[in-house]
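To start, the structure itself, in structure tokens.
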Amino acid sequence: MRLGFIGLGRMGAGMAANLLKAGHQVTVYNRSPDKAAALVEHGATVAKQVADACRGEAVITMLADDHAVESVVFGEHGIVAALPANAVHVSCSTISVALSRRLAQAHAAAGQRFVAAPVFGRPEAAAAAKLFVVAGGAFGVIEAVRPVLEAIGQRTFILSDQPDAANLVKLSGNFLIASVIESLGEAMALVGKRGVDLHAYLEMLTSTLFSAPVYRLYGGLIVDEAFEPAGFAAALGLKDIDLALAAGHELRVPLPLASLLRDRCLTLLAHGGGTLDWSAVGALAGRDANVPDRVDPTGS
Ligand code: NAP
């Protein structure tokens, strides 16, 4: 397919490379041009502005947050203004439910089509085309971009024909991941303060009742205190908890645990930890308990 790809950060760079590997013609755009230039050796064409990445059958966006998506979609030279009729915007960023609805409406009004396709998996999974995609949109539109979804991920889940429902599902998943990070951190503070070896403890957990990838991955990061460089920055983690809370607010769903997680993320950010991996939230319990020989992610 002839595609555009906008947003070549930790996730987007690998995703765009995999689209090229799968044989698609890809024109890439990134706010900081150096990241786009890095994809030329993989066969990408570099767009100087957003509109130049919007000439094909679909454009994929993988941007930090609502603000970034709004800034490339709306406006005189944005995606809505430039994308041909019937072409598809595939929005992979983790954004608010409200913005997803607004995007669907704006594209429909312009005669374009829209699919929300947020993903699970960190930059390593993005580079290896092993993402899990949660797609939301009309069946025919998702089918039209199926080659894109297959090139970036190992499996696509379709839970609704409404794009914003896919964004809500993604936010619910990140809420669960943050809950695991916090609860693992508290459990490790408890046994760590008693002197139990944390690597052996994690090995026991993940060999028995807690063998899920989320315990293995985040347990390993917390035990090894591998918070830099970030795979998923704590500032983006806070964004997602805030978005889950906003969705809960709108739907009148209290999320007391999410409120606690928001404050944990805020504590980390208040001490300058926004660029650490969000697994550093799992080190806060050890700090609070004064567990010996453990990194204090707040640096205090
Ligand atoms: P990242 O490395 O920080 O990359 C963010 C991208 O957004 C960069 O291309 C950045 O451009 C661009 N951007 C930020 N603000 C912008 C603005 N105002 N205008 C235009 N472009 C802007 O983030 P990431 O980790 O790749 O995450 C991207 C999205 O995927 C986020 O929604 C995140 O929540 C989601 N996600 C991340 C992971 C993960 O593990 N990292 C997993 C699943 C989903 P510059 O290069 O110019 O800064």
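The first residue you see is number 1, and the count goes up from there.
Using the three backbone atoms N, Cα and C, a Cβ is placed for every residue, glycine included.
Remember, it's a predicted structure, so these values are computed and weren't measured experimentally.
For reference, TrEMBL has these:
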type: DOMAIN; residues: 3-157; note: domain '6-phosphogluconate dehydrogenase NADP-binding'
type: DOMAIN; residues: 165-281; note: domain '3-hydroxyisobutyrate dehydrogenase-like NAD-binding'
type: ACT_SITE; residues: Lys170; note: active site
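Counting every protein chain shown, the Cβ of Lys170 (active site) has 27 other Cβ atoms within 10 Å.
Per-residue confidence over the domain '3-hydroxyisobutyrate dehydrogenase-like NAD-binding' (165-281) averages out at a pLDDT of 97. The residues of the domain '3-hydroxyisobutyrate dehydrogenase-like NAD-binding' (165-281), classed with DSSP into helix (H, G, I), strand (E, B) and coil, number 88 helix, 2 strand, 27 coil.
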